[in-house]
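**Q** Sharing a structure here in structure tokens format.
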Amino acid sequence: MAYASYISAAANRFSHVADTSAENLVAFGASKFVALWSVDWIKVCAIKAHSKPVSAITIFGNIVATGASDSVVKLWDIRQKDEDVFLEERQAISLGKRYPLSLALGELPQASVIILAIGGTDSNVQLWLRSEDTFVRSATLAGHEDWVRGLDFHQGDSEQPLVLASGSQDGNIRLWNIEPLTSNQSPADPPPGGELADELLDAFEASLGEVGEGEEGGKQISLKRHVLSTKSASGQYSVTFDALLVGHEAGITSLKWRPNSQASTVALLSTSTDSSVILWTPSSSLTQIKNGPSLWVNYQRFGDVGGQRLGGFVGGIWGSTGNDLLAWGWSGGWRRWKCTDSSKGASSEVWNEVGAISGHSGPVKGLDWSPNGDYLISTGVDQTTRIHGGIPASESSANASWHELGRPQIHGYDLLNVVFIDRLKFASIADEKVLRVFEAPRSFVEVLEHLKVSNFSNEEHSRPAGASVPALGLSNKAVGEGTSQALAITELDVTRRPFEGELASSTLWPEVEKVFGHGYESITLGISNSRKYIATACKATSAEHAVVRVYDTTSFRPFGQPLVGHALTVTRIAFSPGDKLVLTVSRDRTWRLFGLQEDSEGFEPVAADKSHGRIIWDCAWSPDGSYFVTASRDKTVRVWRRTGEDNKTWAAVQTLKNPEAATAVAISTTGSQLKTRLAVGLENGNILIYTAPPDITKEWKHDLTIDSK
């Protein structure tokens, strides 16, 4: 049996890709998947909902609406059978050439009619009403001058209007009232409000530019009353513009009303690419909106000073109680703030940042455990390297909660692989010709010690405070004591795990070495079990460049001559347990063995084979070094064993056929019965687990499939 003890993932780079239910269930889009998380951050369901990345999601009761880059909005019902939670599709709405960027679900006042608002890659808001379990398009709201990225409904009591907030890339927020159309009103009647409403609208028009003038035609404030027809007892509903909120310095990315809860303050959350989160509240109670206009002010502002750093915030949501708010940024990382006191209204609210989930926002290309297994390092095409570790629940508890503890490298190229040289030094390669080596700063050592993740000696504490990246640079530079950068790093609270803003700016590792040698971009690297040697390979279309270069990890000088023999790109390098052999596999469909020379530095060719029919993606050694396995696109994994007393003759003693191309393999010998476990990663994301007794001449048994979903 296999179960997930830690999942690290980031939200998609869309504004309305996450939402929460009244039961504190958080749903968000991660690539093509919709992930559901409980309040305790346990994933309860994931389903492939669309053919392209999910761009918007919203929950209302047991209804989920999702939109994606495939120009389709889907409506789902949340179902539960026993302890399993799943989604059942009810309707698919095609938007033609428009892409959905924001969705909102609500219920019309004094009626049990569900309303769906859709904003996308035009300046309009579409309203859809559910009629006999099917949503029908009912109205289109104009007024914004750019893409509509934020939508949300505010549900008051039955006597109050339903309020729709819409936010656009034009930097403005609009509020719309939806209420029953009374018998003494007609669609042409202006909304109530009298002279004060006229004065406010005149002031808005004066501040935004005269209508019809200027290169862009000015801003427009329309008083048109839209009519929605329903089959309920209330009959028709009117939709009118109510207020314009101006305060962000860049485009709005998301909007969320505060949930109805014990929190006394009615508030609207807005996020923007100006790196700010703003909480808006009316100067008077929301119950007065129906009788006259209210003035809206921003009373809380969160985020980073300095404008559009790191792309700003992409979206934000409230927790179910209204005392938590979460926002995610351009890189997919989440930030979370908690209100510790809201008993006396908005003026007394105290907000503090707390921890949130984090993860890569793109495919992960490399993984490696620290030598003592205390923490894990990963790297990917989101151009970041991240360190993950388990924080013990208590000093006496064996249970640990895993989190991201550091982001030592934020690069300008896609990162492809990473290995630990020792537990405080690693090497990484990217889509460039350079191997880069990094050493941990003192702040990382202190964080891991305070969190009981690992222990370090006094000597390991003697290191730079941290690192910073120069403007337009790619190399992390060590930060010395007394500098402004050092002061910012030393202010890092080492008694807790770093927050997203700190991970992105204050947990870098200094770069201590660059290693050159290849003529083209790096593609893979491997490290010996003793951590004494490191080997690299680059992209190649000829034998001249399809070489493996081995370096000494003390001096980072070449160890012997390059390993030659392959004709195309080497895809994986693996050292045998005793470091006497180097195994390489390649696009040329061959594997090759190189043995350590006894009388001189370097490795020399000892064996090769070309039995696979397609590219060989990966290889791995058994723990005792008596055999190795190769994984290929030809959908096979072959087990190779030495047939002679030397290392020159090897034979395939087992061929495992798989339903998809094999892209990754790993071997482990664990348990009281010393069974050998072989993990095979497939191209479709599934992982197959095989077991065999120590005598591998017997049949391997398929024990388990870990589904990608």
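Each Cβ is built from the backbone N, Cα and C atoms, and glycine gets one as well.
Checked TrEMBL, it gives:
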- 47-79: repeat 'WD' (REPEAT)
- 141-186: repeat 'WD' (REPEAT)
- 245-280: repeat 'WD' (REPEAT)
- 357-387: repeat 'WD' (REPEAT)
- 563-604: repeat 'WD' (REPEAT)
- 609-640: repeat 'WD' (REPEAT)
**Q** In terms of Cβ proximity under 8 Å, which residues at least six beyond the ends of the repeat 'WD' (47-79) contact it?
**A** 12, 14-22, 25, 27-29, 31-34, 85-107, 114, 116, 118, 120, 135, 709
**Q** How about long-range neighbours of the repeat 'WD' (609-640): same chain, 6 or more residues beyond its ends, C-beta under 8 Å?
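**A** Contacts with the repeat 'WD' (609-640): 571-572, 574-578, 581, 583-591, 650-669, 676, 678, 680-681, 683, 696, 700.
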**Q** With the repeat 'WD' (245-280) as the reference, find which of 141-186, 357-387, 563-604 contributes the most Cβ pairs under 8 Å.
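**A** Maximum Cβ contact count belongs to 141-186.
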**Q** Which residues of the chain, 6 or more past the ends of the repeat 'WD' (563-604), have a CB below 8 A from one of its CBs?
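**A** Same-chain contacts beyond the flanks: 523-530, 532-533, 535-543, 546-550, 610, 612-625, 628, 630, 632, 640, 647, 650.
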**Q** Tell me the residue counts in helix, strand and coil for the repeat 'WD' (563-604), as DSSP assigns them.
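**A** Tallying H, G and I as helix, E and B as strand, the rest coil: 0 helix, 21 strand, 21 coil.
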**Q** Could you give me three numbers for the repeat 'WD' (141-186), the DSSP helix, strand and coil residue counts?
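**A** Here the numbers are 0 helix, 24 strand, 22 coil.
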